[in-house]
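Read the structure below first, then the notes.
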Amino acid sequence: MTPHRLLPPLLLTLLLAARPGGALARCPGCGQGVSAGCPGGCAEEEDGGPAAEGCAEAGGCLRREGQQCGVYTPNCAPGLQCQPPEKEDLPLRALLQGRGRCGRARTPSGENPKESKPQAGTARSQDVNRRDQQRNSGTSTTPSRSNSGGVQDTEMGPCRKHLDSVLQQLQTEVFRGAHTLYVPNCDHRGFYRKRQCRSSQGQRRGPCWCVERMGQPLPGSSEGGDGSSLCPTGSSG
């Protein structure tokens, strides 16, 4: 073979060697059965390390059973849900920190999963989440006393009600790590903070927007951007 015919293969080899991570982005969860959820040019990563930048930009791969997951990670494969550690006192915080694991839905022994019976474990998890919210917001776990007019001294703000509904949804539905999950950002009084953001997508920040204390978008503010924009200063917690 003449020297000029060797030049194109040699250049191709050098270009592939110069790319970070080789010819394929190393993405977790690109195994058999879930390959349809992986972007093009994505190879399976056996060591379970962090996804490469190219993989995060493509949206990431579906997480397999036993892999780490959370609110800000790629979804678990179909049929799996992102579950916090079994004896975790703050399950929501564990999911926000990415300390969950993809696994099959936990069903108590001897119970038909199709039957909608109340479960003691679910009630306990809801109580734990409620205590976690109250601890973070600085409110007391004791019920508020009613005044002479029959109205509680401390009423739940609109943002706090919204947050409770999100927590209830996470308890009752199969949680697969939705990329567009919105957890409202509340102040200690239960009202909305000015800056609200959706969950991140891989290594990219989720879209943000500005609202007033009751949750209504401020004039000129719309959902979008990379999450780096700031809201005007002022009242509303």
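Just so it is clear, glycine is given a Cβ too, placed from its N, Cα and C backbone atoms.
Copied from Swiss-Prot, the annotated features are:
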- 135-151: compositional bias 'Polar residues' (COMPBIAS)
- Cys27-Cys30: disulfide bond (DISULFID)
- Cys38-Cys42: disulfide bond (DISULFID)
- Cys55-Cys61: disulfide bond (DISULFID)
- Cys69-Cys82: disulfide bond (DISULFID)
- Cys76-Cys102: disulfide bond (DISULFID)
- Cys159-Cys186: disulfide bond (DISULFID)
- Cys197-Cys208: disulfide bond (DISULFID)
- Cys210-Cys231: disulfide bond (DISULFID)
- 26-105: domain 'IGFBP N-terminal' (DOMAIN)
- 156-231: domain 'Thyroglobulin type-1' (DOMAIN)
- 101-158: region 'Disordered' (REGION)
- 215-237: region 'Disordered' (REGION)
- 1-25: signal peptide (SIGNAL)
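Distribution of Swiss-Prot features across the structure.
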| residue | record | DSSP class |
| --- | --- | --- |
| Cys61 | disulfide bond | coil |
| Cys69 | disulfide bond | strand |
| Cys82 | disulfide bond | strand |
| Cys102 | disulfide bond | strand |
| Cys159 | disulfide bond | helix |
| Cys186 | disulfide bond | strand |
| Cys197 | disulfide bond | strand |
| Cys208 | disulfide bond | strand |
| Cys231 | disulfide bond | coil |
Residue, out of the disulfide-bonded residues Cys69, Cys208, whose Cβ gathers the largest set of other Cβ atoms within 10 Å: Cys69
Least surrounded among the disulfide-bonded residues, given as Cys159, Cys197, when other CB atoms within 10 Å are counted: Cys197
Residue with minimal Cβ packing [other Cβ atoms within 10 Å] among the disulfide-bonded residues Cys76, Cys82, Cys210, Cys231: Cys231
PLDDT averaged over the residues of the domain 'IGFBP N-terminal' (26-105): 67
Cβ neighbour count (within 10 Å, all chains shown) around Cys102 (disulfide bond): 25
Least buried by Cβ count (within 10 Å) of the disulfide-bonded residues Cys61, Cys186: Cys186
From Cys69, Cys82, Cys159, Cys186, Cys197, Cys210, the disulfide-bonded residues whose CA lies within 10 Å of that of Cys61 (disulfide bond): none
Among Cys102, Cys210, Cys231, which are recorded as disulfide-bonded residues, the nearest neighbour of Cys159 (disulfide bond) by Cα: Cys210
Between Cys102 (disulfide bond) and Cys82 (disulfide bond), the C-alpha gap once rounded to whole angstrom: 5
